[in-house]
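Colleague: I grabbed these lines from TrEMBL:
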- HIS60: active site (ACT_SITE)
- GLU113: active site (ACT_SITE)
- HIS117: active site (ACT_SITE)
- 1-27: signal peptide (SIGNAL)
Amino acid sequence: MGKLKSSLAFLVLAFAFFLCFIMSTGSYDYFQFVQQWPPTNCRVRTKCSNPRPLQYFTIHGLWPSNYSNPKMPSNCIGSQFNESRVYPYLRPKLKISWPDVESGNDTKFWEGEWNKHGTCSERILNQMQYFQRSQAMWKSHNISEILKNASIVPHPTQTWTYSDIVSPIKTATKKTPLLRCKYDKKTQLLYEVVFCYGYNALKHIDCNRTAGCRNQQAISFQ
Ligand code: 5GP
């Protein structure tokens, strides 16, 4: 009986360790590839080093995510950011596609995104692949151009509905994106456009509508 109890305790303990291991190394369902509209970021936070923020969508991050909680996993156990693993040829490209629009410290921004998000999908994308894939995703669809072709351009007073903005992106990419907004007083400002990718970060898939811009409120793009 004593032996049975101790083997049971051992099994429970082993299972708990296994669960902890899975959680700390990151278990996720899909990727969110998040691009931001820099002027909105700089409008809602007071400190942006760039006085005239870039007028094109830039990368915020590539985030392995769970359907049950898209903000998880994060800060997993894995290799910490190593600048030399961002290929020299990729660096000038990332400076354009993935700049730190808040304080201008691009490398620090990449480090933060890798440590918080990239570590959770390291089994699928190592550090070099993580940045290469992100760059390729950014290159594959130019959101600013897609919106411009649909006459959705920054304007101080004009507003759009959620579907006005999603429609041309969906037509161009054949997949449903997710829109995220920030709020300045009562104005709902377009902030992020999210593309979703499958577990291997290869297949572009439809995003679920979770915690996006409010449907019933007009969206400003300034
Ligand atoms: P996450 O940490 O989940 O990737 O995203 C949230 C954080 O990213 C926020 O704290 C937000 O301020 C930050 N963020 C968004 N854009 C930028 C940027 O261009 N530079 C820096 N340093 N942080 C950013």
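From the backbone N, Cα and C atoms, a Cβ is placed for every residue, glycine too.
TrEMBL: automatically predicted annotations, no manual curation.
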Colleague: So, three-state DSSP: helix, strand or coil for HIS117 (active site)?
Modeller: coil
Colleague: Counting across all protein chains present, how many other Cβ atoms fall within 10 Å of the Cβ of HIS117 (active site)?
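Modeller: The answer is 24.
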Colleague: Far apart in sequence but close in space: which same-chain residues, 6 or more away, have a Cβ under 8 Å from GLU113 (active site)?
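Modeller: Those within reach of GLU113 (active site), by Cβ under 8 Å and sequence separation of 6 or more, are HIS60, GLY61, LEU62.
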Colleague: DSSP on HIS60 (active site), three-state: which is it?
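Modeller: The three-state answer is strand.
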